[in-house]
Amino acid sequence: MLLSRNVTRKVTFKCHITICTLDLPKYITEDEFAAIRSQKIPIGNMTLPKYGEDSVPHAARPGFGPRLWINAQVPYTLDPSFSAEQRQKVALAIQAYHDATCIRFIPKQTLIASMIESQVDILHDPNVCGVAHLCMNTGAQFAKFGGSCVSPGVMIHELGHTLCMGHEQSRRDRDNWISFNTAVCQPHGIDGADFNRGLNKLYDYVSIEHYEGECYNGCFQPKQPGVTKCGSGGPLSVLDIEILNEMYGCTQGCLGYRYVNINNNPTYLVQIGEEPYGDILYSCRAYHQGDIIPGKYHAGRKECYVAYNGGEHSKTGAHIEVLTSPNGAKLVWVRSNQLPSNAIRGGRTNERETIKHFCQNLL
Ligand SMILES: [Zn+2]
């Protein structure tokens with residue numbers, strides 16, 4: 001009788017403990033992903049960590065040379081102190097990567113321990129806005145958000161660092177694209193390594209890894225005419241998605257297309273037409289009034305023609321990219337009055353709206 005009562009009390013006590021501390025596993029469950037799947041990442045002014053506070057080298061690799069996650073798989077754990085609402089924000093951040101790339105955040109629990117060389121612990125820290133170790137390191141590393149910065153966008157930004165994305169305004173060639181108003185702020189440092197943005201990639205003012213407040217307070221002065229927005233405001237940008245798919249070698253489905261600077265001797269260009277006298281036209285894109293606009297590249301003239309406000313504009317020089325398909329993705333140029341559901345992203349407006357490859361008027 002006594003034994004029976006003891007057992008009952010013990011089980012009841014354990015149940016309460018279970019509900020409080022273990023009910024939420026250290027990974028996002030399928031149910032949690034299902035609950036947020038139809039939600040969009042909200043776009044708005046986003047508070048990011050201050051310069052110098054949010055990406056840190058790992059103690060094991062103080063030089064933090066670029067090191068990518070093996071097989072694009074990132075073993076992770078979740079902070080057990082996350083509330084259900086905070087877990088939703090992390091779920092949205094992870095889902096953003098899963099939707100647009102071949103990168104997969106995989107619960108550490110589901111992996112064989114001996115195969116885990118590295119892992120990221122996704123944490124809440126009330127004393128920081130956001131901070132993460134850069135690139136894959138040996139052993140545990142973290143990506144944190146907290147305080148007033150608990151939003152999907154900040155976690156996407158921090159997980160971008162985990163994946164080896166540096167700050168856009170710190171890439172080596174940034175002086176071609178922005179200047180710093182030293183009356184307002186000190187120039188940000190240059191990243192020691194090109195984590196992701198090899199030279200000659202178009203600069204992305206609306207990258208998730210681009211600080212935004214510094215554009216609005218006059219610290220950054222964009223050199224491209226027409227640029228009024230900085231930072232993505234929350235989601236991955238069109239160019240972020242491309243860079244990640246290139247970094248991690250994603251080729252599945254239609255992820256294998258690549259934009260290459262015209263001066264980098266691109267191959268596998270995507271042909272979109274032919275002039276009456278035989279010159280071939282390829283798909284290209286270039287900046288115009290702050291937008292990155294897909295157009296047609298005339299190889300003979302070395303010009304990229306983009307459409308804007310009902311007119312055609314010729315672009316020349318060092319900042320033209322052409323669409324290539326080196327991985328066998330079947331990119332088919334179609335005439336259509338409706339945007340096909342599988343149209344690929346080709347550019348974006350200054351206002352962060354995606355421009356898909358739908359260029360009937362250019363042919
Ligand atoms: Zn950062």
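Placed from the backbone N, Cα and C atoms, the Cβ positions cover glycine too.
Database features, via TrEMBL:
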- Glu158: active site (ACT_SITE)
- His157, His161, His167: Zn(2+) binding site (BINDING)
- 59-251: domain 'Peptidase M12A' (DOMAIN)
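Where TrEMBL records a feature, it is marked here on the structure.
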residue : record              : contacts (Cβ under 8 Å, 6+ apart)
His157  : Zn(2+) binding site : Leu48, Asp54, Gly130, Ile208, Glu209
Glu158  : active site         : Asp54, Gly130, Val131, Ala132, Ala143, Lys144, Phe145
His161  : Zn(2+) binding site : Asp54, Ser55, Ala132, His133, Leu134, Ala143, Glu209
His167  : Zn(2+) binding site : Ser55, His188, Asp191, Glu209, His210, Tyr211
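In the three-state DSSP classification, His161 (Zn(2+) binding site) falls within a helix. Per-residue confidence over the domain 'Peptidase M12A' (59-251) averages out at a pLDDT of 90. Of the chain residues outside the Zn(2+) site list His157, His161, His167, Leu48, Asp54, Ser55, Ala132, Glu158, Gly160, Met165, Gly166, Ile208, Glu209 have their Cβ within 8 Å of the site's Cβ mean position.
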